[in-house]
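Q: Dumping what TrEMBL says about this protein:
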TRANSMEM  12-30  transmembrane segment
DOMAIN    72-292  domain 'ABC transmembrane type-1'
TRANSMEM  76-97  transmembrane segment
TRANSMEM  109-132  transmembrane segment
TRANSMEM  159-185  transmembrane segment
TRANSMEM  206-231  transmembrane segment
TRANSMEM  274-296  transmembrane segment
Amino acid sequence: MGVVRELRKNKWLYAMALPVVVYVFIFSYMPMSAHLLAFKQFIPVKGLWGSRWVGLDNLMFFFTGPDWLAVTLNTVYLNLLFIIAGTFFSLLIALMLNEIRLVWFKKAAQSLVILPHFISIIVVNLMVLNFFNGQDGMINRMLRDVGMETVDWFQTPSVWPLLLTVIFVWKGAGWGSIIYLATLTGFSEEYYESARIDGAKRWQQIWYITLPLLRPTIIVLTLLALGRIFYGDFGLIYGIIGDNSLLFKATDVIDTYTYRALRDVSNMNSYSNAAAVALFQSVMGFITILFFNGVVRRVDPDSKLF
């Protein structure tokens with residue numbers, strides 16, 4: 001009876017939530033049935049339920065490969081760079097925008113830093129190619145003009161983790177600052193007025209008031225990002241690196257490795273193998289969230305996800 005009473009009391013709130021629940025169920029929960037492909041020898045004409053069960057055999061495609069550990073470590077390493085740099089610069093942009101008092105200039109600056117997010121990844125890849133391509137790239141021409149030696153960027157694996165991080169930050173940090181900026185606008189001005197009365201400088205207000213208040217938001221967004229730490233940014237990495245095997249040592253991730261291994265149309269088991277790898281990524285991401293959420297629960301219970 002308590003449930004019925006609750007539904008009657010807040011019927012309009014539940015009615016408003018219903019479309020979202022239906023949307024999440026259709027587009028988030030129903031597709032989970034595709035994970036069954038990871039345990040089947042999928043044949044399209046037989047369908048999902050008619051295909052033969054093979055257990056964990058599909059995962060062996062990935063784990064028996066010579067490079068599975070290397071690409072997994074690359075994926076985690078690059079994503080850690082992306083998360084750390086992306087969080088830092090998104091937060092920095094939000095703090096800087098929050099300090100701007102001229103409304104028109106603040107809006108113009110915000111639009112400018114968000115703009116790269118809307119540039120197609122294909123265009124970004126072409127821009128990177130023009131900057132770093134061989135001897136004719138813009139960077140090498142600038143190096144020659146100042147009397148420095150040129151660098152064959154696409155044959156130097158060690159520089160690409162940093163370059164990919166810079167590109168990722170340039171494209172996404174402005175967009176990532178939106179949530180932080182929205183959180184900042186909700187802080188009470190009374191905190192800052194009290195600090196100013198006590199003689200606190202602006203940087204002290206940021207350090208002792210703004211950042212502690214932002215900590216729960218930073219932690220939650222970081223936890224959500226860690227949930228995808230085993231997923232490589234396929235569009236960014238493959239679009240720039242492509243099939244350049246000279247750079248695989250530093251840039252090959254799970255997604256690009258799997259794509260190259262399964263893009264042969266004659267491989268009839270490619271659907272199942274790809275599903276098995278995706279399941280591995282999902283499970284590892286879930287375990288990562290559970291672990292770090294447990295750490296947060298002990299350190300700062302108010303900032304935990306669940």
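From the backbone N, Cα and C atoms, a Cβ is placed for every residue, glycine too.
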Q: Report, as numbers and ranges, which residues of the same chain sit near the transmembrane segment (206-231): CB under 8 Å and 6 or more residues beyond its ends.
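A: Same-chain contacts beyond the flanks: 72, 75-76, 79-80, 83, 86-87, 91, 95, 98, 176, 179-180, 183-184, 187, 191-192, 195, 200, 254-255, 280-281, 284-286, 288-289, 292-293, 296, 300, 302-303, 305.
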Q: Given the transmembrane segment (109-132), which of the listed stretches 76-97, 159-185, 274-296 has the most Cβ pairs that are under 8 Å apart from it?
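A: When the Cβ pairs under 8 Å are tallied, 159-185 comes out ahead.
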Q: Counting only residues 6+ away from its ends, which parts of the chain sit with a Cβ under 8 Å from the transmembrane segment (76-97)?
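A: Residues packing against the transmembrane segment (76-97) from afar: 106, 109-110, 113, 161, 164-165, 168-169, 172-174, 176-178, 180-181, 184, 206, 210, 214, 218, 221-222, 225-226, 228-233, 237, 251, 253.
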Q: Should anything in the same chain at least six residues away from the transmembrane segment (159-185) have a Cβ under 8 Å from its Cβ atoms, list it; otherwise answer none.
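A: Those are 77-78, 81-82, 85-87, 89-91, 93-95, 97-98, 110, 112-117, 119, 124, 128, 132, 151, 153, 210, 213-214, 217-218, 221, 233, 236-237, 240-241, 247, 250-251, in sequence order.
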